[in-house]
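Undergrad: Got a structure for you, written out below as structure tokens; questions coming shortly.
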Amino acid sequence: MPEAKLNNNVNDVTSYSSASSSTENAADLHNYNGFDEHTEARIQKLARTLTAQSMQNSTQSAPNKSDAQSIFSSGVEGVNPIFSDPEAPGYDPKLDPNSENFSSAAWVKNMAHLSAADPDFYKPYSLGCAWKNLSASGASADVAYQSTVVNIPYKILKSGLRKFQRSKETNTFQILKPMDGCLNPGELLVVLGRPGSGCTTLLKSISSNTHGFDLGADTKISYSGYSGDDIKKHFRGEVVYNAEADVHLPHLTVFETLVTVARLKTPQNRIKGVDRESYANHLAEVAMATYGLSHTRNTKVGNDIVRGVSGGERKRVSIAEVSICGSKFQCWDNATRGLDSATALEFIRALKTQADISNTSATVAIYQCSQDAYDLFNKVCVLDDGYQIYYGPADKAKKYFEDMGYVCPSRQTTADFLTSVTSPSERTLNKDMLKKGIHIPQTPKEMNDYWVKSPNYKELMKEVDQRLLNDDEASREAIKEAHIAKQSKRARPSSPYTVSYMMQVKYLLIRNMWRLRNNIGFTLFMILGNCSMALILGSMFFKIMKKGDTSTFYFRGSAMFFAILFNAFSSLLEIFSLYEARPITEKHRTYSLYHPSADAFASVLSEIPSKLIIAVCFNIIFYFLVDFRRNGGVFFFYLLINIVAVFSMSHLFRCVGSLTKTLSEAMVPASMLLLALSMYTGFAIPKKKILRWSKWIWYINPLAYLFESLLINEFHGIKFPCAEYVPRGPAYANISSTESVCTVVGAVPGQDYVLGDDFIRGTYQYYHKDKWRGFGIGMAYVVFFFFVYLFLCEYNEGAKQKGEILVFPRSIVKRMKKRGVLTEKNANDPENVGERSDLSSDRKMLQESSEEESDTYGEIGLSKSEAIFHWRNLCYEVQIKAETRRILNNVDGWVKPGTLTALMGASGAGKTTLLDCLAERVTMGVITGDILVNGIPRDKSFPRSIGYCQQQDLHLKTATVRESLRFSAYLRQPAEVSIEEKNRYVEEVIKILEMEKYADAVVGVAGEGLNVEQRKRLTIGVELTAKPKLLVFLDEPTSGLDSQTAWSICQLMKKLANHGQAILCTIHQPSAILMQEFDRLLFMQRGGKTVYFGDLGEGCKTMIDYFESHGAHKCPADANPAEWMLEVVGAAPGSHANQDYYEVWRNSEEYRAVQSELDWMERELPKKGSITAAEDKHEFSQSIIYQTKLVSIRLFQQYWRSPDYLWSKFILTIFNQLFIGFTFFKAGTSLQGLQNQMLAVFMFTVIFNPILQQYLPSFVQQRDLYEARERPSRTFSWISFIFAQIFVEVPWNILAGTIAYFIYYYPIGFYSNASAAGQLHERGALFWLFSCAFYVYVGSMGLLVISFNQVAESAANLASLLFTMSLSFCGVMTTPSAMPRFWIFMYRVSPLTYFIQALLAVGVANVDVKCADYELLEFTPPSGMTCGQYMEPYLQLAKTGYLTDENATDTCSFCQISTTNDYLANVNSFYSERWRNYGIFICYIAFNYIAGVFFYWLARVPKKNGKLSKK
């Protein structure tokens, strides 16, 4: 990577640098005829010198200004670096980012020269920061107990009450105690401290990013005279906080990501003659060249799912983003994580160059800081548990703590020493001072008191006061003028953004179009999917409309209902994409790139084309397949209305997504809206039949007006021939037209047709005059929801973060409160709940003698290794496309009991691959060589005879530490060992790992649970409780940890080795002190080749001697042996080996000694026999039944402790079914009542998708943990895993079904039907069985679709498709008799066919029908006949229907159906088939579960005859 001179320089300087490219240009601009050219040049030079001096005076408080001063006083003018032609005169390849000779340092200096040449145009300025009495507090968790299904309502109620109560005792805890500091322009500050000490909070505080916590009332922060509120409102982009996480839009390329930022930050006062586009492109190219990203220009950034650049490159993209922003005050939170030490050093050097040349300030929090990097900082701040224990010059910090009473060991970096004083287990006290009785501060409070009384503190306060005094009106005005000069013409001067609102929309629109182009497959899939659904749904009604008579009325309404719903809810999944992009939008808002509403505006605009294409494709296919009216005007109005439906609902769902803070929060109201909007469209319940209490829903429902317009459009002005008359038959062949009537609403006696307008007026109360009203109201909703969406995006803040706390089960909290250990006030105090286990003063120091350790461990009785694990000529090859690549190349080695062996090498050397091969964890490729235990090949029990600690700390978040350890012990230790003995062993492991303080704490998630170190200890503990008989593998146990935690973990491994455990551990570039903890080293270079295997020796002398004796340069006394070794073999960035050390190793005496030792092992060790008893060679230590029992108990416990999952299920169930129940309240047995009851049964099933979508992430979470950790270690079988999922999910679904039954069955009035039929108990019980069966069916379908799918979203889409198909062909929306013959098989295989038929029959069968007055058919009987006499032949033929008055002679009122069984027969529902249908539905559930188990085995379970082969 180049010297990396930040693009912050780029924008610092370039933000206002945009001027003349040459002296000649300046001369032309300022030509004055009264002087000759020589005199003019002298005057210009004098003016620049005076201006430069003025600027220097304004920043005189900054100490290191040599580079900046030399630039301003040199008189050298910069040149325009933006070249179109390398052959142009004055071309300098050092300034061309596309040149191999590009120098970012030269580029930054050139831009500084340009700025100095015309300060009136570029408005140079600086920004410092001073803070006084800075303190911060966060909301405490009450709250420090775990939520469960039972206590969550109480917690929510209590939390709500507290918002309305004004109590003296606030529910907060202090994160930062009062502290002070000052950072002048041009200075670099490093913040050091262990995780949880408050480093991140300090950076957020001084960068005015305080969302989630509050600053103290006495806190004073000044940014060159501006307050934090001023910065947030007007100068947000000048103070930037770069978070540790790397979040980017994955489908954008690196160049597209950076050029978008550059466009949004291109200043108005840029280089003269350079347009915005050229300037932005140049900045992006400079950023890529500076950070070694040029080769990734057209590569997607990617993420964990989308393939893109590497993790390290993604981190550099994050750095480049901030660099382009050009802020004057930057805060970097662990920005070097994921970078190797050399790249991290170059990054710090870039910040230093930027500070020196451009007068910027930077604050950097680093966990592992090398000495070279530390020496670049001007100041250092050391934090411990929220206390400031030092702030001042970096070169004086070491002496300060040595004077306090601490000793810095040899070869320990200054940064490590400064943080080590905060760790009782690592720091070394000055024994001479102790002997003299001098008190050495040891607790954070004592160190803070010592600091406040020190002369260093007084010097700091002088500097702070001076800085605050210098922050006058002049400095504020300079910042303001510079900011305004950078802004585009139409940008508000008070706005913190560089470009105007519409320019932001423009650039974001371009970015979004790039996103769509780069992920065009998704758009094409959506188009294809919608076209497919149009073909399927449209073909359901194929040829039905050909008749064109009154028999098509219901189907026309049904098809229109399908159309409006499908168009409207096609945007429901947009909520997912909103939450995918939200973290990026929030990050860019803090960078002051654009308004969140501008991003929302652009996202709406960018999706218009795809939405239109999808809508047009779907509606054209659907319209003409259904055979709606063939009229151009009618068709285009239909299309217009459905497009309005698409956009109105899209904006509505976007509002829901922007109003909520998490995806799970958004899905609940979205699901509720889906139900309410669809039910009150006007088809399920006509407007006139809606109950009074809920009619308001129809009036505010945009879909109701749009559906009204669609029906009016379809039915207006058409005469539909009558398809069926009453009465009819041979006896009525010669009757007059007035003596019969058409059987549909709107029919007029004597007419052989029905006007469409009459039908919709009588059925729906729709009138043609309201046709365009729906369009107008729909458009009004589109506009209204659009602006609401923009407003919510602009002002809705994300979810607040919580301070890092431990969470305990409520029973533990009660116990602690009884003992007085915990109160609400100190519930979140780390020292009370053990957040920092090493802070207790009585903790046993780790520097005990080995003899004492041996005695202690002898009492503990940890498992000891008894066998030697060794391997020889180990090779591993994989097939990558057409190439066979060798990952491991003839690797030899062994691990003996009682030794700690390090496995080292550069990235790509094959360290983790070697561990996976040795541990039998690879699933593909070819392994050759010998892997032996005491000279004998591994058996089936080998995977559970070892411990394997993965780099990722994977644990069940709802379990406590003790429960996690016991679960491992119960399932992995031999079955013969009693539960009591296993429990005792777990307690012993807790003791040796020093986890007593948080043994009952919940694992939780980051910020609310165990911290990084505690999780790593738990990972090791889980493997130790299994009592590994052979050895323990650890993969990068120190990755991502601070140096003190890394040292603590290494000390723990040393303990275990001293007790007789064999340990093989990969480690990435350890410090000199960490290196000394290992006994042996296996060092590999790229290609999986061994370059050293042997003892390290005292101070790594044996290893150093080996390399020095084979041509390596001498290792300096103060060097880190690990870094020196990497440099020697050419594994460090920028280093080159002087020879092939693999060949050196293969020809060395040490190699021959290794081979000799392996020969002896293979010859002698087998004589000892196998260490595994014959009966203990099974794959698992416990039976399948016992495994399933324990896994089920754990899963049930997880559900109980996951109230968000269960309560979401119950709340959705309660709302949906209660809403349906009271919408169809007491539906009755009129024709419309029966129709309502059928639709109520139909709507009962729409909860399918919301319930299923909640289940899938829960399953994926369980599966990921099992497949990543528990399956490879043979903790339990996949059979136990999958059956536990079934056993635990079913009871909760039955409970949800029971809740649904009570709040759905009784309000609708099904019980009244059963009572009238004299079958109250039987039908009530049967309805309950069906209700429970449906919820179990949802769970079974969830298991089926996720069993072979990797991603929950893909499984949800598949399930939604299957459900839509099943629901569409169940016989409700179109009857089987009307369905095309091709689709009859779908009707028969749909599980919902049998469910709805049975549920409808159980709900409404065996009851008399009573028609409403408007449902009666009226006609005149022949003269001299009563209605009864006239209708008698028809009633004998039809066998259904009744007359209201058989003796009437003037007008006959006839109801077409007499019993509910007649109505049920029309939809193929028969009460006699209720149990048959129930049995069939249960068979579908069983099939889903069996298929789910099979597909899981087929797709997810490794097979013995799979892709892995051994030779």
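Note that Cβ sites are derived from N, Cα and C of the backbone, with glycine treated the same way.
Relevant sequence annotations retrieved from Swiss-Prot are reproduced here:
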type	residues	note
BINDING	Gly905, Ala906, Ser907, Gly908, Ala909, Gly910, Lys911, Thr912	ATP binding site
COMPBIAS	1-14	compositional bias 'Polar residues'
COMPBIAS	833-846	compositional bias 'Basic and acidic residues'
CROSSLNK	Lys825	ubiquitin cross-link
CARBOHYD	Asn734	N-linked glycosylation site
CARBOHYD	Asn1447	N-linked glycosylation site
MOD_RES	Thr49	phosphothreonine
MOD_RES	Thr51	phosphothreonine
REGION	1-32	region 'Disordered'
REGION	52-71	region 'Disordered'
REGION	824-858	region 'Disordered'
TOPO_DOM	1-517	topological domain 'Cytoplasmic'
TOPO_DOM	543-558	topological domain 'Extracellular'
TOPO_DOM	580-611	topological domain 'Cytoplasmic'
TOPO_DOM	651-665	topological domain 'Cytoplasmic'
TOPO_DOM	686-774	topological domain 'Extracellular'
TOPO_DOM	794-1237	topological domain 'Cytoplasmic'
TOPO_DOM	1261-1291	topological domain 'Extracellular'
TOPO_DOM	1314-1324	topological domain 'Cytoplasmic'
TOPO_DOM	1350-1354	topological domain 'Extracellular'
TOPO_DOM	1380-1388	topological domain 'Cytoplasmic'
TOPO_DOM	1408-1476	topological domain 'Extracellular'
TOPO_DOM	1500-1511	topological domain 'Cytoplasmic'
TRANSMEM	518-542	transmembrane segment
TRANSMEM	559-579	transmembrane segment
TRANSMEM	612-628	transmembrane segment
TRANSMEM	632-650	transmembrane segment
TRANSMEM	666-685	transmembrane segment
TRANSMEM	775-793	transmembrane segment
TRANSMEM	1238-1260	transmembrane segment
TRANSMEM	1292-1313	transmembrane segment
TRANSMEM	1325-1349	transmembrane segment
TRANSMEM	1355-1379	transmembrane segment
TRANSMEM	1389-1407	transmembrane segment
TRANSMEM	1477-1499	transmembrane segment
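Can you tell me where each of these features sits in the structure?
TA: Within the same chain, the residues at least 6 positions away from Ala909 (ATP binding site) whose Cβ sits under 8 Å from its Cβ are Met1084, Gln1085, Arg1086, Gly1087, Gly1088, Ala1131, listed in sequence order.
The Cβ of Asn734 (N-linked glycosylation site) has no same-chain neighbour under 8 Å that is 6 or more residues away in sequence.
Using a 10 Å Cβ-Cβ cutoff, Asn1447 (N-linked glycosylation site) registers 9 neighbours.
As a whole-number mean, the pLDDT of the topological domain 'Extracellular' (543-558) in this prediction is 88.
Sequence-distant contacts of the topological domain 'Cytoplasmic' (580-611) (same chain, six or more residues past either end, CB-CB distance under 8 Å): 209, 236-238, 240-241, 243, 245, 247-249, 261, 264-265, 321-322, 325, 327, 496-498, 501, 504-505, 507-509, 511-513, 515-516, 523, 526-527, 571, 643, 646-647, 650-651, 654, 658, 786, 789-791, 793-794, 798.
Taking Cβ pairs closer than 8 Å, the topological domain 'Cytoplasmic' (651-665) reaches residues 571-572, 574-576, 578-579, 600, 604, 673, 702, 781-782, 785-786, 788-789, 792-793, 796-799, 1204, 1208, 1254 in its own chain, all 6 or more past its ends.
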Undergrad: In the topological domain 'Extracellular' (543-558), how many residues does DSSP put in helix, strand and coil?
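TA: With helix first, then strand, then coil, the topological domain 'Extracellular' (543-558) has 12 helix, 0 strand, 4 coil.
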Undergrad: Of the listed stretches 666-685, 775-793, 1325-1349, 1355-1379, which one has the most C-beta pairs under 8 A with the transmembrane segment (559-579)?
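TA: Looking only at 666-685, 775-793, 1325-1349, 1355-1379, the most contacts with the transmembrane segment (559-579) come from 666-685.
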Undergrad: Which one of these stretches, 666-685, 1238-1260, 1292-1313, 1477-1499, has the most C-beta pairs shorter than 8 Å to the transmembrane segment (1389-1407)?
TA: 1477-1499
Undergrad: Provide the number of Cβ atoms within 10 Å of the Cβ of Ala906 (ATP binding site), excluding the reference atom itself.
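TA: Other Cβ atoms within 10 Å of Ala906 (ATP binding site): 19.
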Undergrad: When DSSP states are folded down to helix, strand and coil, where does Gly905 (ATP binding site) land?
TA: strand
Undergrad: Sequence gap of 6 or more, Cβ distance under 8 Å: name the residues on the same chain that satisfy this around Thr912 (ATP binding site), in order along the sequence.
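TA: Those within reach of Thr912 (ATP binding site), by Cβ under 8 Å and sequence separation of 6 or more, are Gln951, Asp1035, Glu1036, Thr1066.
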Undergrad: At the Cα level, what's the spacing in Å between Gly910 (ATP binding site) and Asn1447 (N-linked glycosylation site), rounded?
TA: 98
Undergrad: Using a Cβ-Cβ cut-off of under 8 Å, list the residues of the same chain that are 6+ residues beyond the ends of the transmembrane segment (1238-1260) and lie near it.
TA: 664, 667-668, 671, 674-675, 678-679, 684-685, 1202, 1205, 1208-1209, 1212-1213, 1216-1217, 1220-1221, 1223-1224, 1227, 1285, 1289, 1296, 1300, 1304, 1308, 1334-1335, 1338-1339, 1341-1343, 1345-1346, 1351-1352, 1355-1356, 1359-1360, 1363, 1367, 1370, 1372, 1392, 1395-1396, 1399-1400, 1403, 1467
Undergrad: Counting each residue once, how many in the topological domain 'Extracellular' (1408-1476) are helix, strand and coil under DSSP?
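TA: Helix, strand and coil residues of the topological domain 'Extracellular' (1408-1476) number 28 helix, 11 strand, 30 coil.
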Undergrad: Among the binding-site residues Gly905, Ala906, Lys911, report those whose Cα falls within 10 Å of that of Asn1447 (N-linked glycosylation site); none is a fine answer.
TA: none
Undergrad: I need to check the long-range neighbours of the topological domain 'Extracellular' (1350-1354): which residues 6 or more away from its ends have a CB within less than 8 Å of a CB in the stretch?
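TA: Same-chain residues near the topological domain 'Extracellular' (1350-1354) but 6 or more away: 305, 576, 1253, 1256-1257, 1259-1260.
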Undergrad: So, three-state DSSP: helix, strand or coil for Lys911 (ATP binding site)?
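TA: Note: Lys911 (ATP binding site) is helical by DSSP.
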Undergrad: With helix taken as DSSP H, G or I, strand as E or B and everything else coil, how many residues of the topological domain 'Extracellular' (1350-1354) land in each class?
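TA: The breakdown for the topological domain 'Extracellular' (1350-1354) reads 3 helix, 0 strand, 2 coil.
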Undergrad: For Lys911 (ATP binding site), just count the other CB atoms lying within 10 A of its CB, please.
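TA: The Cβ of Lys911 (ATP binding site) has 24 Cβ neighbours within 10 Å.
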Undergrad: Work out the three-state DSSP category of Asn734 (N-linked glycosylation site).
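TA: DSSP assigns Asn734 (N-linked glycosylation site) to coil.
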